[in-house]
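Remarks on the structure that follows.
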Amino acid sequence: MSTGKVVQVIGPVIDVEFPLDEELPTINNALKIKKADGTVLVSEVTLELGDGVVRTIAMDGTDGLQRGLDVEDTGDSIKVPVGKETLGRVFNVLGDTIDGGKELGPDIKRDPIHRDPPDYDELNPSTEVLETGIKVIDLLAPYIRGGKIGLFGGAGVGKTVLIQELIHNIAQEHNGISVFTGVGERTREGNDLYFEMKGSGVLERTAMVYGQMNEPPGARMRVALTGLTIAEHFRDVEGQDVLLFIDNIFRFTQAGSEVSALLGRIPSAVGYQPTLATEMGQLQERITSTKKGSVTSIQAVYVPADDYTDPAPATTFAHLDATTNLERALTQQGIYPAVDPLASTSTALDPQIVGEEHYEVATEVQHVLQRYKELQDIISILGMDELSDEEKTVVARARRIQLFLSQDFSVAAQFTGLPGHYVKIEDTISGFKGILDGKYDDLPEEAFRLVGSIDDVVEKAKKISATED
């Protein structure tokens, strides 16, 4: 392999000169720079400047670097560990373990993080719904196997618990694998998530990859590809259905913007990199279903200043199949998960995909909730007495629907003391159909809160009436 020398260091940007009689490293190749203290820094080739000089982006801090240090071309892009050995472990962008556990041996299989998306003839074009066991998602904003879902929510509205429950349900009911990728978020949150997942028993079916906000932009830009590479191995080699969580996809774009500016590229709209759509496409196109398995991605999306026309979220939206919106007002009413049933959307909510009955029940539920929303102003000003009998019925059923959209989570059982519920799609549909038809109008509203199927509602109603007697 070629060896060169460091000729310039500007922050995370390192220029390396190779002898003209040696082969230049290609774009995306990983270079190893041996520091004076014996440690090795990895950087990635991003530009060829000519005269044997390449410009690289460091994957770690450049403290202690100096001109003249030896640089070795690895001959390939960054390679990270893949396979069952990655489950239950935490990695950085380079695939090094950072959880303080046993180091992975040299024999473990490693894959390059830069790869092409699956060929057209390998894709599985079927639009199969992925059952999550969470009523509000399965009914109103169903996930497609191999699809991409955007998860919107502020701090403290239950994003982490929802992510944990999805990981738990995929592991328990589908025997699936999850890969969690923390991109440019707080180290404290990553640490909390690790210990919460350890406590709730889902860590052994999960691989975690972190490139948090204290990392250089190169690491934050590439860590999503590291997580995706681990997920692709489970899909293509193990034939698994994989859940890939990316928190936060905006930070991936943000890191790309920083790198672009450091490389001297002319910025595009709002200061973003001119290659924004290309970089996003290269990541998103690898997230798909093949004939061997699937990678279903759930991506937390930060929207700068709540501006949905900002190029970063707007570019992300073009790739999403479904959105799950978490609403703070619902947590204040004690409705968990706090998924907004009217704001959450899915391309899978189509009679040709989910079936006529599912589609009709879902649209009728949305219609009733929308009507209730419109009547709330009248109720708050004039009271229930001013409503017609038909409107009173709509309000009563809407409240039952709203409460029935909540349910207990298995991963929260250690805090609530209540067992979690996994609800099959057919049970979800029949339950809401019964509420819409008025079969359960005589049951108390409180019986619908934080339960699983409609049978649990009936049981809870019996207990409530028994205590009242």
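Keep in mind that glycine also has a Cβ here, set from the backbone N, Cα and C atoms.
According to Swiss-Prot:
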type	residues	note
BINDING	Gly153, Gly154, Ala155, Gly156, Val157, Gly158, Lys159, Thr160	ATP binding site
Other CB atoms within 10 A, centred on Gly153 (ATP binding site) | 23
In sequence order, what residues of the same chain, 6+ apart, have a Cβ less than 8 Å from the Cβ of Gly158 (ATP binding site)?
-> Leu326, Thr331, Tyr336, Pro337, Ala338
Hey, for the ATP site built from Gly153, Gly154, Ala155, Gly156, Val157, Gly158, Lys159, Thr160, who else sits with CB inside 8 A of the CB center?
-> Leu326
Counting only other Cβ atoms and using a 10 Å cut-off, which of the binding-site residues Ala155, Val157 scores lowest?
-> Ala155
